[in-house]
Amino acid sequence: METRGNLRLLFLLVSVLLLVLFTWLNLPYPYMPSNKAEILDCAASSPWCVSSNRLLKNPTRRPQRNHDHSSDTPLHPLDPLTIQEFNKVRRVVASHALFKSKSYVLHSVGLEEPAKSLVLRWKYGDPMLPRRASVVARVDGRSYVLTVDLDSGRVTRQERVSSSGYPSMTIEDMNTATSAPMKSSGFNRTIMDRGVDLADLVCLPVSSGWYGKSEEKRRLIKVQCYSMKDTSNFYMRPIEGLTVLVDMDTHQVVEIVDQGRNIPIPKAANTEYRYSAGNVHREVKLINPISLEQPKGPSFTVENGHTIKWANWEFHLKPDSRAGVIISRAMVRNPESGEMRSVLYKGMTSELFVPYMDPTDAWYFKTYMDAGEYGFGLQAMPLDPLNDCPRNAYYMDGVFAAADGSPYVRSNMVCVYESYAGDIGWRHAESPITGMPIREARPKVTLVVRMAASVANYDYIVDWEFQTDGLIRIKVGLSGILMVKGTRYTNMNQVPGSENLYGTLLSENVIGVIHDHFVTFYLDMDVDGSDNSFVKVNLQRQQTSPGESPRRSYLKAVRNVAKTEKDAQIKLKLYNPSEFHLVNPNKQTQVGNPVGYKVVPAGTAASLLDLDDPPQKRGAFTNNQIWVTPYNQSEEWAGGLLVYQSQGEDTLATWSQRNRPIENKDIVLWYTLGFHHIPCQEDFPIMPTVSSSFDLKPVNFFEINPILRMPPTGEDDLPVCKDAASA
């Protein structure tokens, strides 16, 4: 009995010890700084350090704060309209004489920004500038632009738009257009004849462009359909050759064209791309999860909802239904004086032009203007934490108006985060032969503002990246899914040598059609003030005189100040290199150089279409990579105010024909990033991201390197994050 009691006591003691040990192992480590670094355990130091493997299970999501926008109030003259203001606009419009007892649709409701001169003088603490809303509406088939004074609750401007074109489509337009064919017995019969179950049918609204008089005076759209049987990637299963023409105002089917009855619908094999779909693809673990950890939190702050402050930068940020993101009042601090100096008054995506290079009946009209036709911001989807944006990102919602003026919230539309990719801010090391043991290097940490628009099949990622040396990098990434064409061919050996596929055979019965992407940016540069000049700095080869030097040639920089708009129209040329400076001729550095910024082009593509081709007439703003125009608050959209079915008479190219003076004026720079895309098999069934960018870089803006006094990073500055499994 005594032995049995001892065993019980021993078992009890062991159990208690195990319980204490288990509890101790799962307690957070105390804060114990070592002489080299802080040791933080991932399990104890959440939320900034976790050990979940996104490749093996669902990633840990940092909960997002659900912001109640109903009580928002504007705190800055450029803040977007609040829910209360949207509702006020809706009430004012409903009671206005133009809209009473009439059929109307609100295609756009947004802030009408105050005069630039007033915004430049305003500062926090001053009375709020008058708040006004700009409304683009269609009433009884006519387009109007109205201004609603939110203080008085009255319509103060009402203007009928006489130019060609219609306002951008509403979400309701797209929904009714794609449902209209379903009411046609002829359409349903055609679908069933093609072997597609109506339950598997999905259709998309395709903007129709403008190709002549027959398409005038009717708001038309073309609808094309796909089979989603056995896949979520219905884009890879087109019902080729079937195009339905729909009148968006009457919701009636105008015409059904089916020229693809002999073209099979591609199979669904290997088209699934969702990780959650199961074992569709064999798991391949290429990398371990990676993250930028910030135990002290981000270095940037968001003040009053829309003002971002980081390092030596300060700017205003807001989502926009058409542009996606608008950066305003971007200023950088002078390291010597501490003064905030202006760089950019307003920057945004102005228009996207995406022409496909297939002239056949079901494809010729696919020449999209994604901002003016669909609304770049309206197509921005919520960003995915940890995958679209890293941990410690700040998310901003967009608030927009539906067709009846009712406000709605697009959550997590924009993210702001700090990025460190292992890049170097600046460095220098001395060779041992000098006897100077110098090794100086600084890490490059940047601030990124990101949005991603999913315009049907394509996804556009737009980044505004701010660097501590004063540089702004504007980057566009292309991902998503190709728009493909069905074909009867399953292998290239079946294609006659004389036949033009207009693209690349990607898989059985699937052609990726060649196309272009042009993204035009509006950049109202205010370099140390509003009055700036555009300077083209040509690099010219100079010959040395006989006997002057052992050298026979060298390069010389020749500066030419653009006097008028035509002087500043730039087509980039590899063998005629230039720099493009925006300078303030009224301010000089201590040694006498005008302060400025320069545009640094990256890999870009130029439009090769005939200038008289109807799509290129509408997209004439891509005829040059760089334009400069005098500031005009009404000239912000490169494709014109009303783009849908426009004829191209109200574009950046048209405005610039006036050849207005631009020297020492308040001027706007326009820059177009271009991509030629010849699809390849690696783009199937979903594309790896392809990116390009351009820079706005200081040139004699600072007296010296603005980050010279930036301290280096040492081991004592950083924690060591240990995986919980190995702690």
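Glycine is no exception: its Cβ is also placed from the backbone N, Cα and C atoms.
Automatic prediction, not curation, is the source of TrEMBL annotations.
As written in TrEMBL, here are the features:
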ACT_SITE  Asp370  active site, proton acceptor
ACT_SITE  Tyr458  active site, schiff-base intermediate with substrate
DOMAIN    76-158  domain 'Copper amine oxidase N2-terminal'
DOMAIN    167-266  domain 'Copper amine oxidase N3-terminal'
DOMAIN    292-707  domain 'Copper amine oxidase catalytic'
MOD_RES   Tyr458  2',4',5'-topaquinone
TRANSMEM  7-27  transmembrane segment
Legend entry - DSSP-derived helix, strand and coil totals, residue by residue, for the domain 'Copper amine oxidase N2-terminal' (76-158): 19 helix, 31 strand, 33 coil
Inset, instruction - Could you please provide the mean pLDDT value for the domain 'Copper amine oxidase N3-terminal' (167-266)? - result: 93
Inset, instruction - Mind tallying the domain 'Copper amine oxidase N3-terminal' (167-266) by DSSP state, helix then strand then coil? - result: 31 helix, 29 strand, 40 coil
